[in-house]
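Swiss-Prot has this to say about the protein:
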- Gly139, Ala140, Ala141, Gly142, Ile143, Gly144, Lys145, Ser146: ATP binding site (BINDING)
- 133-442: domain 'NACHT' (DOMAIN)
- 1-23: region 'Disordered' (REGION)
- 780-806: region 'Disordered' (REGION)
- 799-932: region 'ZU5' (REGION)
- 933-1082: region 'UPA' (REGION)
- 634-655: repeat 'LRR 1' (REPEAT)
- 691-711: repeat 'LRR 2' (REPEAT)
Amino acid sequence: MEESQSKQESSTKVAQHEGQEDVDPTFKTKKLMEVELMKHRVQLERNLKLRTFPGARTKQVKEALYPLLTWSSKSKNLFQNFTKLLLFKKLCQRGSENLVRESWYPCVPEEEAHMIDIQDLFGPNLGTQKKPQLVIIEGAAGIGKSTLARLVKRAWKEGKLYRNDFHHVFFFSCRELAQYEQLSLAELIVQGQEVPTAPIRQILSHPEKLLFILDGIDEPAWVLADQNPELCLHWSQTQPVHTLLGSLLGKSILPGASFLLTTRTTALQKFIPSLEQPCQVEVLGFTLFERKNYFYKYFGKKKGGVTTFTLVKSNSALLTLCEVPWVCWLVCTCLKKQMEQGGELSLTSQTTTALCLKYLSLTIPGQHMRTQLRDLCSLAAEGVCQRRTLFSESDLCKQGLDEHAIASFLKIGVLQKQASSLSYSFAHLCLQEFFAAMSYILDDSEERHADMKNDRIVETLVERYGRQNLFEAPTVRFLFGLLSKEELKKIEKLFSCSLHGKTKLKLLWHILGKSQPHQPPCLGLLHCLYENQDMELLTHVMHDLQGTIVPGPDDLAHTVLQTNVKHLVIQTDMDLMVVTFCIKFCCHVRSLQLNRKVQQGHKFTAPGMVLYRWTPITDASWKIFFSNLKLARNLEELDLSGNPLSYYAVHSLCTTLRKRGCQLKTLWLVECGLTSTYCSLLASVLSARSSLTELDLQLNDLGDGGVKMLCEGLRNPACNLSILWLDQASLSDQVIAELRTLEAKNPKLLISSTWKPHVMVPTMNMDKEEVGDSQALLKQQRQQSGDKHMEPLGTEDEFWGPTGPVTTEVVDRERNLYRVQLPMAGSYHCPSTGLHFVVTRAVTIEIEFCAWSQYLDKTPLQQSHMVVGPLFDIKAEQGAVTAVYLPHFVALQEGIVDSSLFHVAHFQEHGMVLETPARVEQHYAVLENPSFSPMGILLRMIPAVGHFIPITSTTLIYYHLYLEDVTFHLYLVPNDCSIRKAIDDEEMKFQFVRINKPPPVDALYLGSRYIVSSSKLVEIIPKELELCYRSPGESQLFSEIDIGHMDSEIKLQIKDKRHMNLKWEALLKPGDLRPALPKIATAPKDAPSLLHFMDQHREQLVARVTSVDPLLDKLHGLVLSEDSYEVVRSETTNQDKMRKLFSLSRSWSWDCKDQFYQALKETHPHLVMDILEKLGGVSVKS
């Protein structure tokens, strides 16, 4: 018990020092080790700087360092604790300098980007399937990049990460490397190791097993150019550090080595001109769970962790700011100081700037120290301008900091001394940038020289950060925050000074004026405005946002872009909070849409903004989002469709809607995961005299109970709603009647679904006369249908609609052409094909099953897209069909496949067109007001995944009974009606009969292999099946199971090959075998009564003819011309040769096919005999 308590206290102390180095609660667990190590490091550093590094001394240093390295057992939890940083793997192209989240438009479409874990940093690149040699970790200041980099090194050392990928991992702080003028490769490697692990020659002998971690690559003022790629110096020869690093990154030295870089900026091309295409990973900070976990570690759960985190949770803005690990440390430090001073715990800060000022007020003890603080601010500003983060003792003295002041700043944690050198640095780079911004505020220039001073400050900032990235710089954001009226008062109180407020405020306008006036507004500017929070400034700047319109993500999908709508990509809760805060002051934004994916949403009727986000939104952020919106008095339309909303989030939304100041008129909540539980909240809004006039609740499972609660709100006289979009197909007749009654009593109220399937639309006959009875029109259409031979299909192929089943008729079985005559307006669904039509009037629809191979092989899309559904050629009267539901077999419930990857391919005379569906549902992609041509669903492939995606599949079992012997054919295929039909037709030719058994319940994966087994000892060939997609015109994979005499039941099973988990099983009984043979498919009238042997056994011949060339030699001159002979022989495999031969046989006469049969009997007699024996010795027209 005591030992456990001691461990907890030790962990708490470590966490409290964490922010001073790298936002890591268990960082530097062995301070004593560092002190000893530093003694050797200091001497090593002196040798490097003096350029005296004899080989014997190097060996001695290595031997001396090695025994000192011991790791605390507490570091074992580090890997577990910090894998929860949100990592977002991006796909930006090289040369694209705008970070997605920093611009009004993404540099590339982001559908392929995704969240990853730390183990996946060096995973295969999307598109190449190769592991990257260069990974760039990017992110905002204080977000945890350095923590992640150090974690990779430590986890590798402990054998938990990349141990098989890299034999040696070297960690470098670029701020420290920049202190050296010259280094050799050997010296660099010594710098990157805690202790030497092998001789330098051995290390360099396998460059592909080396990982160099360069932390803060963009911090020093250097250009890492590979100046002379052809000159390869010996590893012991020295060269300028920037040249050495440039040669490594440019692959002139150790071309097989891998690199992990951390940086704030994505515009690395100016620092590293030879940089190759990297894998870019953005760190998005802490999840909500990790924020709580951080507080528990810092204070100890029982010693204040719960109390402090509860306090922070009560301030939603502060909780959101804490997604940045550095801010978490800052908040914890402030609360700890309050505890030590015995004051009441209180933290009301809404911005990072206010939090930093609170930190200063709590940590700087007296007026003397505050005077010294001015000098520290000057040091910080000088370092920012010169891109320096390490300072010598003489640098501090030059700024007027004496030993006592230095010691005091070290004690309170503002400064820290580097363990590996004699240098000093600020506790965090963000803290240095805050002090730098403070130095500009504390400048004592006379008022008459203020404009000149402001110009000089802005020029310095522009020179340091560049115009394009000016608003991304923390120094500039802190400046905006410090120049708010409220914060200026705090500064005056803190430093007991008087600041010229109006003069200082001019600095903001100088910054805004000097930045590119025609540059599209960026997310960084909104962050600056949020830090300032001045209403006048915000109103003025946000008023100008409407001046620049730029393409949005929808434009990338070739859709029509609304020119009055702005598009902004956000990634974090903090981004969302900042944007919605600023929107309150933008009078032009009257519509707002928040999408979790880049997809087409509702079209706005007023100027608006679309926000795109790929990570989930927390309840705390929803609360801030909605509380900001209640103050946005110009906002009229809000579209949250597709965002999963918790009960807490909907409660926050409804609280906002009930406020009198909320002017929202239109609210779209389509597919938000709402249930009947939420309806009481929504009903309270309807009866609260809210301004809401239109509400869309489609694609939510509200149920009868939920809709009844909505009806209570609709009956309230205070309800202003005029349009309610509501799915009614699943509602009971009683509830639908209640809705109709409400409409009848309130003529201004319309309750409907988007498709209005129950509405009867008057139709016109050929003479333009209105036909009221749609049955009469149906009769007329039947009379006009022509003289084609038609026959009804079975009941499973019927369409089910408002009046019950509608029969589907066969127009041309050989072409797979069918016709259905829908008798009235409504919704019709065919269970067999999965097709679903919504029509406005009676209409005749023709449906032809097509093979993808006929169309897709002619396009380049087969490399980038994959088929995920059947291909139909649909013909219908224009305008009669308002929606078509095309089936797909992707298992969306697995959460792996993004619905924005779905496209509908239209094959037209002038080429192929890809259309984005209106929405993608569990089994369908929906097209609204469709135009018809051969069409089906394609899925854009993510190269790293390829075809390996979860799908709904089906098993097809067929049997053939010969005397008393039974043979089964077992197929495992995607749940595609066209494939099922093609297999049915093929098996029917061989007189096999299908047995219906349930399909696999769980999703299976395309590209995976599965093992077929039986409860009895039977012959199964092959025993392994691959789940793959093959076009209906191609032969499908199946296992043949020879049972022999079946006198008892038998169980068939399918297991995945990798884990041998059971995926499907079926029990076959003797009673399943029907004695009657299936009828032979009707052949065309002018065709022979039966198929030729060659056509009847095409599939087996393709699969089983093992020697094609002798067969071709016998056909040469008789059936095959010289050109045809060479075309077939040019194919690489026997199966491809046979397929090519069969493609040529389409034009052959019956005599030519007889020639083929004779040649086959001579070259493959045993194969022919085996086929004939299975048919009972009957040869068909041979």
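Backbone N, Cα and C atoms are what each Cβ position is placed from, and that goes for glycine too.
Keep in mind that what you see is a predicted model, and the values were worked out from it rather than measured.
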Starting from the Cβ centroid of Gly139, Ala140, Ala141, Gly142, Ile143, Gly144, Lys145, Ser146, the recorded ATP site, name every other residue in that chain with its Cβ within 8 Å, sequence order please. Arg264, Val283, Gly285, Val324, Pro325, Trp326
What DSSP gives for Lys145 (ATP binding site), in three states, is helix
In three-state terms from DSSP, label Gly139 (ATP binding site) for me. coil
What is the total of other Cβ atoms whose distance to the Cβ of Ile143 (ATP binding site) is within 10 Å? 28
